[in-house]
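Per TrEMBL, the features are:
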DOMAIN    2-146  domain 'SPX'
TRANSMEM  254-272  transmembrane segment
TRANSMEM  284-307  transmembrane segment
TRANSMEM  319-336  transmembrane segment
TRANSMEM  342-360  transmembrane segment
TRANSMEM  381-403  transmembrane segment
TRANSMEM  415-433  transmembrane segment
REGION    469-488  region 'Disordered'
COMPBIAS  479-488  compositional bias 'Acidic residues'
TRANSMEM  515-541  transmembrane segment
TRANSMEM  547-566  transmembrane segment
TRANSMEM  578-598  transmembrane segment
TRANSMEM  604-627  transmembrane segment
TRANSMEM  677-698  transmembrane segment
Amino acid sequence: MVAFGKKLRESQIQEWQGCYLDYKLMKKKLNQYTQQIEVGTQNHPHVLKDFSRLLDSEIEKIVMFMLEQQGVLASRLSSLGEQYESLIRQDADRERISQLQEAYRSVGRDLLRILSFVEMNAIGLRKILKKFDKRFGYKFTDYYVKTRANHPYSQLRQVCKHVGIGAVVGAISRNLADLQGFQQQYENYISIYDQPAFSHPDPVVNSLRAAVNRLSNSTSFLHYLGKHALLMEEDLPILSGDQADDSKYHFMSLILNLANTFLYMVNTYIIVPTADNYSMTLGAAATVCGVVIGSMAVAQIFSSVYFSAWSNRSYMRPLIFSSIILLVGNTLYALAYDLNSISVLLIGRLFCGFGSARAVNRRYISDCVPQKLRMQASAGFVSAGALGMACGPALACLFQRNFKIYKLTFNEDTLPGWVMALAWLIYLLWLSISFKEPSRAPEVPRESNSGKYVNISVENGSTQPFLTNSKAKEKLEDRDTDGEDAEEDAVQIQKPVNSIVSAYRLLTPSVKVQLYIYFMLKYAMEIVLAESSVITGYYFVWSTSSVAAFLACLGLTVLPVNVVIGSYISNMFEERQVLLVSEILVCIGILLSFHVLIPYSVPQYVGSALLTFVAAEVLEGVNLSLLSRVMSSRLSRGTYNGGLLSTEAGTLARVIADGTITISGALGESKLLNTTLVPALFICVTSIVATCFTYNSLY
């Protein structure tokens, strides 16, 4: 049976060659249509119908071939089932059980090739639809998908639902689990039906499940949240890659990375409730809190780049440097009170920003966590940041003390600095003892995540490309004047970019819009958070404890909102639909925040702030989920990666928002609210307009 599987794979390259979407034929048709329309021998309605028929024919060819291959796999599984039944009736040795297990894995690998076949054709279909829309200037994609997606006889629907694949995956999973039970004591065997949560650890099964989930667009909370880390991964998991990752993986080092993320977010937001009071104590205006809060973000713009570059060589050393800088920064922040120096206060916050190691935390997950655990680790990274955001203001509630030790003052203004300095000292000691620097083996080039071809491990442990035939490659190549498609369609091993300019050139218009949306939502969230103490103090005379409790409640909404979006909303609506609705809700929240005519009330402020913040949370999750799919694979690694670009966009938004608060403070606290909301409203409206223009390209 194993020999049969090898023979099948050798013949697939030739056999499957004529079954792919004929991309070159359709490009040729588009050129013909363009020429015919220019000379007046063809009209748009006829082009629409003719090209629809061509697509129907091509998709039907794909579906028929896919069903044929599923039949072959079903036949092989039936034969293996007979061998399995014979093993039950006799006391089989471990060698025969291992051979049968390997035969099932062989079927699984061939099923992965079918899934790759489906995905490659789906990519080709999406590209040709986009090209048609761009060439002829009307929404053929909307027409074609709308008329074919839900029709009972639509072949496009069969491609999307990949009927029958679930049954094959189930058969492989169950039988591999059963055979594992035979190798152990049979009485200890756990059935996947008796315990549905039981997950068979075989890498082939894990790869199949990941591939099926991706093709069906099914979303779980874990995967949805994990995408917020913006770690672009292989479209189909590389089985041999897990072995390399396992040698680098160290659980305690991962925990230390997540702890660094948590502590940094606590450090960022712990001063928000007291920043205005601290500024006034040192002789500055209350609105200088914008500079105090924003100075950390200013430094983070630069620290993100050098920490990202440093992570190319080491993980432990930048984390140690980060902890020391943050220890110094928080100490200076606390000492500024007794030194009566606003300069020392700002220098302390700048030091805290220079210690931002989020790029290292993200890079460690990408490089050193096995593929099978990477989504969980990414979700942990996002969750740690969200919890830190909520815990920061909550801790400020506990600092309502005022005492002295020697000449050092400990009160609600200085305690955040002293507590965080102590936390970073403890973390530094823990890091020095428990962190394990992963080995730096020579990096083997890996295929891009655009679905061109996939490495699948075979029986002898080596790997071979799924597509090696030049004719098969040409079917998905597009080397015309369209720079975007030429970049995406080139079937080659792509290296990481080596400059910010090169990274910017890889951004398509839709990706630029999504980064602008990220800028907008971070700007809106920072306005709500950073000026909260000043606004509530001026209009409602809230105490520090009240402000801290309000901000903590806002922060605690992050995970519940993501549970709802990740588990339910994203499975009911397209992400681009949720994206646009969320932008509109952010805009409504900003509009409701304005103080006009009627007296400003607590319900108006709390309601509008909650709507703005929650809508921005939803928008952030959906936007980063889309970005993780459409951003170029060349931005998945290296210094100038997609995570760095999104971090820079968000950090720049925070800097500008905090600067706006300080500048607007010159007009007086009575005008601060409306003055800061005007640019937020303008940025939000322009992002909505930009989204509408690029809506059809947001997939």
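If you go along the chain as it appears here, the first residue is 1 and each next one adds 1.
Cβ coordinates are placed from backbone N, Cα and C, and glycine is handled just like the others.
Contact between the transmembrane segment (578-598) and the transmembrane segment (677-698) is supported by 3 or more Cβ pairs under 8 Å, counting only residues 6 or more apart in sequence. Of the candidate ranges 342-360, 415-433, 515-541, 547-566, 604-627, 547-566 has the most C-beta pairs within less than 8 angstroms of the transmembrane segment (381-403). Counting Cβ pairs under 8 Å that are 6 or more residues apart, the transmembrane segment (319-336) and the transmembrane segment (415-433) reach 3 or more and are in contact.
For the transmembrane segment (254-272), the residues of the chain that approach it from at least six positions outside its boundaries are 278, 292-293, 296, 315, 319, 322-323, 326, 330, 333, 349, 352, 355-358, 360-361, 364-365, 368-369, 377, 380-381, 384-389, 391-393, 395-396, 416-417, 419-420, 423-424, 427, 430-431, 434-435, 529-530, 532-533, 547, 551, 555, judged by C-beta separation under 8 angstroms. Counting same-chain residues at least six beyond the ends of the transmembrane segment (284-307), those with a Cβ under 8 angstroms from any Cβ of the stretch are 268, 271-272, 275-278, 318, 322, 342, 345-346, 349-360, 530-531, 533-534, 537, 639, 644, 647-648, 651-652, 654-655, 657-662, 664-666, 669, 672. Confidence annotation: the domain 'SPX' (2-146) carries a mean pLDDT of 73 in the model.
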